[in-house]
Structure formats: C-alpha cells, structure tokens
C-alpha cells in the first residue's frame, strides 16, 4: 500500500516540540527574540537573558513562535506583575519588568528596527518622553457580556474575544477606574444589560464621560437610572445607538481635552481619535515646537492632523499652518474650533493621504512638515512629501517598522535622521512610539 506524505501531521509533530531557549532581546512588539537551529523564535512573556522551556505554536520557514511552559532562570530585575488581572487580561504585556527596564528595552528595539529597515542611525538621541507609570490612560473600551444571568465588564484576553472581568484597572485614569464596579452594579439589574455592546470611558476637560453602546432603544426607566447615576457621580452619560446622543436623545456637543501650557484645547466627539496619555501628549507637543522651531513668516503642514492636536498648539508659531486630515467630520470639527478661537492663521483641509499628492495650492512653498500617521505609516505620502523639500520633517510614529520604511524613502531623497527619541506613551504594554526629525543633508543612502 502506498504511503503518502502528510504535511498536516508533520506540522503537528513540530508544534508539539518542546525546546529550551535563552532570548537576547525584545522586538518592537514586546516579544522576546531567541534563536534555535538557525531560526528566529519569538516568545511573549520572557526577558532577555532568561532561560525557559517553550513549546512551538507556529513554525514558518523563516521564523517560529512559541509559548513559555516553564522559566528555568529569571532576569535579575523581573518583578511580580502588580495588577491581579495581568495573567488573563490582554491590556498589558510587560508588567513583569520595572518601567525603567521596559524603556531601555523599547529604546533598543526602536534603534534596531529603524536601522534595519532604513539604514539610518540618528545623529542625536533625545531623552525619552515619560509620564506617570500608572493611571495614565484617559480613554478605554470595556467589553460587556451577559452570561448566565450575570453582566461581565472587562477587557479582552490576549488573542481572544473572551472577556476578563475586572473591578479596577491600574493604567486607567483613576476617575475612570473608579467607575468600573459602580457601572457594573448600575447596569446588571436593568433589562438593557442584555443589549449593551460595550462601554467607552473617557476623561475630557469637562469631566468623565461614559458612552453606552446600546443595541436597542433606551426605555424611560432605564433613562432615569442612567441619569441619576450620572448626576450623582458627575459623569456625562451618552448613548450610542444609530447615532450618538445624550440621554434626552439630543445631539452631543463637542468635548475638549487639555494639551498643556494654556494652549487652545482641541474639540472632539467620542469616536474621534485623540492621544490617550495626556501628560506624554503635552510633552510631545512641547518637543515638536522645540524641534521644528517654527518661525514667523514660515508655512507649515500638519499631516494626519486629526482634530488639531499639534496644529492648535503651533498656532502663532508660523505665519500659516495647514492641518490636513482624511476624516471629513474631524476636518469640520477642527475648522469650527479654529474659528471659535479666532485663529485665522490656521487652515484645515480634507485630503486622502493614502494616495497621490493632493493637487492643491497649499502644497506650495512649505517650510516644515509634521506628520502623525496611524500604525500603517505614510507610504503614500513620502515620495511627494520629499519633493516639497521642506527644511524640517517631524515624523511622530506609533509603529517603528513604519517609521523605518518611510524613513528609508526620505533618506533616498537626501534627508538625514538628525534626531530620534522614544515616546513612552503606554507603559507596561508593548506599544512603542517615537519622534524622528529629518533634515536635508549628507546621508548614507540605503540601497
């Protein structure tokens, strides 16, 4: 009888394999990086220098992934995670390392990935931008599940849709963390508990805000219960159904958030993007002003400007600043806010920044550019951006791999990486943000 090769059984055999590893670094996603038989293996939950027995969970031609079965040696700085939910909650990945060690490892990962993908080394490393280690997050989404007569509020488990029930969160701003248990107690007895999709919690200048994602219309007794809760706790309660409304069914007025030093506050609505770490965001804005050094008479572009986080702060620094955003509603909100504040030197324009260069007059004679793209970076922007020949390009990156790829394009167009700095926006997580300043000059062009 013929015997046929089974790729599936071979793969299963390899995935059951147990091996011993000692990683040498963390990558930019917070995974330990080790080598086994010439192949790179990524292992969450380990620190460089620790030894562990692991099991492969994915085995590709060029790399593998593994899970820890047992640590056989610990890093001298390893600590017990302070949060009791850490082992199950997917929100944090690095609580077993002190924040100082986390930052050192993140900076090493940032340097490695930028150098690898762009061929660039910064002329100057900036000091990391830091904020509080705990209670820094001013926005979060709580998942809701009604199961066996019980309402569960919590965060998703790592790599899963399952919820981990929590009663507090040490990285969430205290006014928001303190609402978790009372919200569970408020909603659980109500019939609407079965119809809540999630809760969005945010801390605005106006105070705490809770948005209830409701999958059916709100009933009068439920409205009264939510209103009483909001009034007693100083919380603005909103409903997200087919539209975002207050409890009376009216449209919601824009909220605001502080960007420090008496600067004009951007306006936003729940659902808009804004930086979740207020202290570090203010530090980023101050560093942007310091690095760009906008001068009277200059013209600047703020690409991917959102509601004007940087644009409003830069108001008055240059003769003309143009914020460019691809979400029409946010453009309209930013325009209205600038008009409300009387900031005539600011303009906000809509443009699809993932495609060809906009054919617009405002692209001419640009002196400096700030861009703050999403994790995918700005591949559609880099070629035409470099052709504008601004004297300073400040790239705010939430993904170092995108920064490295986009930085390579700038390098090929004759820009050098003059400054690079870590931005520790999310302590205890694998998220790694950075700021990079590119200026014209001699540079080793990547091949």
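Cβ coordinates come from backbone N, Cα and C, glycine included.
The active site, nucleophile annotation in Swiss-Prot covers 398. Swiss-Prot lists 83, 89, 92, 169 with the feature [4Fe-4S] cluster binding site. Sequence annotations record features per position, and here Swiss-Prot assigns S-adenosyl-L-methionine binding site to 275, 304, 309, 325, 352, 372. For 12-70, the entry in Swiss-Prot reads domain 'TRAM', with the evidence type sequence analysis.
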Can you tell me the CA-to-CA distance separating residue 89 ([4Fe-4S] cluster binding site) and residue 352 (S-adenosyl-L-methionine binding site), as a whole number of Å?
36
Give the sequence-ordered set of same-chain residues, not counting 83, 89, 92, 169, with Cβ within 8 Å of the centre of the Cβ atoms defining the [4Fe-4S] cluster site.
85, 86, 91, 95, 155, 166, 170, 171, 428
Where residue 89 ([4Fe-4S] cluster binding site) sits in the secondary structure, as DSSP reduces it to three classes:
strand
Indicate the candidate from 275, 309 with the smallest number of other Cβ atoms within 10 Å of its Cβ, considering only these binding-site residues.
275
In angstrom units, rounded to an integer, how far apart are the Cα atoms of residue 83 ([4Fe-4S] cluster binding site) and residue 275 (S-adenosyl-L-methionine binding site)?
23
Out of these binding-site residues, 325, 352, 372, which one has the fewest other C-beta atoms within 10 Å of its own C-beta?
352
List nothing but the one residue from 89, 169 whose Cβ has the fewest other Cβ atoms within 10 Å; the candidates are the binding-site residues.
89
Have a look at the recorded positions (83, 92, 398) and report the one with the fewest Cβ neighbours inside 10 Å.
83
In three-state DSSP terms, the structure that residue 372 (S-adenosyl-L-methionine binding site) belongs to:
coil
For the domain 'TRAM' (12-70), how many residues does DSSP put in helix, in strand and in coil?
4 helix, 33 strand, 22 coil
Taking 10 A as the limit, how many CB atoms besides its own sit near the CB of residue 304 (S-adenosyl-L-methionine binding site)?
21
According to DSSP, does residue 169 ([4Fe-4S] cluster binding site) sit in a helix, a strand, or coil?
coil
Alpha-carbon spacing, residue 304 (S-adenosyl-L-methionine binding site) to residue 398 (active site, nucleophile), which is rounded to whole Å:
13
Give me the Cα-Cα distance between residue 92 ([4Fe-4S] cluster binding site) and residue 325 (S-adenosyl-L-methionine binding site), rounded to a whole Å.
30
Minimum Cα separation from residue 398 (active site, nucleophile), reported as the residue among binding-site residues 169, 275, 309 that achieves it:
275
